[in-house]
């Protein structure tokens with residue numbers, strides 16, 4: 001029987017007072033505070049986590065691009081629905097993280113197309129275009145996502161676990177998988193990518209002008225993208241039934257809005273980013 005695509009209903013037993021989208025089933029769980037490598041390496045007789053995803057990068061026939069496409073769509077219009085799929089993963093594959101790299105390839109492909117368009121806009125040479133594609137895919141997307149994943153993996157397992165999960169710490173079912181943290185970072189990157197990398201394309205000649213309205217437009221684009229990133233990240237962790245105090249993940253919103261208001265006094269974020277990225281804002 002084929003797996004359902006993006007089920008619209010949550011897991012069993014979810015209640016309004018629960019700190020996550022899904023509630024637990026009443027069983028006692030515990031956490032094994034093992035090293036980070038244990039979550040991304042291979043277990044005895046089976047492989048899980050990031051290495052499994054990487055090994056499947058060349059197995060295109062086994063990838064579900066249709067599911068990945070619909071997940072990317074819902075990340076923009078209804079991101080909460082994407083994380084309802086995590087309960088299905090746990091029930092069928094005994095892990096919260098995806099084991100299908102289709103979404104990675106789709107986002108990388110989108111970045112490659114976008115980098116090519118930016119290169120045409122700035123009249124880059126073919127070699128410069130290739131370098132820009134590699135920079136967007138490997139630095140902006142993969143390296144940044146891995147860095148954020150590591151930070152949130154450590155924070156979530158140290159600060160966000162529920163009290164019952166912390167007291168029973170011998171089973172790793174009640175701890176955040178590093179591969180799942182990476183999934184969340186990948187999910188959060190896509191709306192940010194659409195808002196900044198794609199959204200700035202038709203507005204590039206406008207946001208670099210030296211007037212306050214253009215400054216406001218450019219800075220607001222970055223504000224919207226950052227709020228999207230934080231919110232989708234928050235939804236990813238609140239979806240886990242053993243996560244408490246997930247509201248801490250929304251705390252960056254306060255300095256974000258504060259920095260946005262200060263930037264309106266004269267700092268053009270869009271112009272600065274374009275100059276840093278391409279060597280010039282726009283001519």
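Even glycines carry a Cβ here, placed using N, Cα and C.
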Among ranges 76-95, 136-155, whichever one TrEMBL labels transmembrane segment:
136-155
May I ask you to indicate which of 1-26, 27-52 is given in TrEMBL as region 'Disordered'?
1-26
